[in-house]
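For 23-94, the entry in TrEMBL reads domain 'Ig-like'. The feature domain 'Fibronectin type-III' is assigned by TrEMBL to 210-308. Summarising the annotation, TrEMBL assigns signal peptide to 1-26. Feature annotation from TrEMBL assigns transmembrane segment to 347-373.
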Amino acid sequence: MPGLLSSPVCLTVIWFLSWSLPPSRAQIWSDEVSDVQFGRLESNVTLACGKSQISVPVVWRHNHSSVSSWHQVTFNGSLVLFLVDQSAQGNYSCYDDSGLLLHSVILRLGYPPGLLSISCRVPNHTFVRCSWKDSVKTFLPAKYNTSFRGKEEKEPTKVCIVDSTNRRCVVEDPAFWQTIHTFGVTETNALGSQTSYRRIRLNELLKPDPPRSVFIEEVEGNPSKLWVTWKNPSSWPEDPLFPLRFHIRYRPQGSMHWSEMMTEENSIEIPDATPHHSNQVQVRARDDVNPESQWSEWSAPSFRTPWRADTTTHPSDDPDDIYLFSTPSETFTSKPHGVVQEDDGNLGLVILLVLFSIFILTTVLSLIFVIWMRQKRREHATKQELASMVKMKSIPI
């Protein structure tokens, strides 16, 4: 059998078949190499037609179409793309003058990494959560390497568990006794790398999560008291060595002014809740040992109306039980707001009418008095004239 394959007749047949194949079949045996090349946006990019120098004319195609005429093909077959933008990405292929595929390459464009914006949270004493955002959109896949270490040079670098998808990492059991720590992130892509640093103080960044499961109960027999309970944040260790201090605020629903209380316990009695009205309560927490720590965010609002003797009537069904709150004077009234405004308007109108009536009456009386005085003067003058005439007649001529 080996002798048959090496016979002159068999070799002639194989040579004839290889030359008779169409160009599309011949590409299978060509030196075709697929590759990925990265380039920087808004710059010139050169694509080589394979690894070896090409001495024959070549034709370039972009996504199976002819490349733009303003791009340049060099003497060695390379393609130069000028000031590329996103539309220049895709599959590039070079062919010889017979249509044989010589090389193909996938072009991806973007930018090298820039400085990152880093933020860190410390929800408890046992771990630090840091995240970062791009200051430059690179459009390219990247890898992230992180470091976390204290100020002391002898302290080993802490391992930070990286979540590249969400761009964050978690450091477990940080050295809280160290005053300053440095967190670093190195972003690397095909066009370069960049390292960003953030110096942090764990004691100042310590900020618990909000308290959870806030529950309000009415105190039977007392229409102005409420009993509030809550649980520590789920991320806070249940250890007496890490106590929390709680800040409670409450107000009648609709008011703008809060009343506040402090406690180290997980429950408290509100002694002056507003009767017959829904009261809003919120709780927040802070590390009780570290005075430089931050208060947590407020818990979600919780509402409850204190105990009432007659629980069959809803507050909104009885107008006398409706309490309204004005801003900023916090005036409480047992009448509907519209009625109060209407009564105030009627009272003002009555006062105006009374004043106007007094003014008219005073004016009329003044006129009558003036007319009466003038009449009296005229009568007095007439009497004097008559008396003078009588005297003159009685004098002898």
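Just so you know, glycine gets a Cβ as well, placed from its N, Cα and C.
The average per-residue pLDDT of the prediction over the domain 'Fibronectin type-III' (210-308) is 95, rounded to a whole number. DSSP assignment over the domain 'Fibronectin type-III' (210-308) gives 0 helix, 43 strand, 56 coil.
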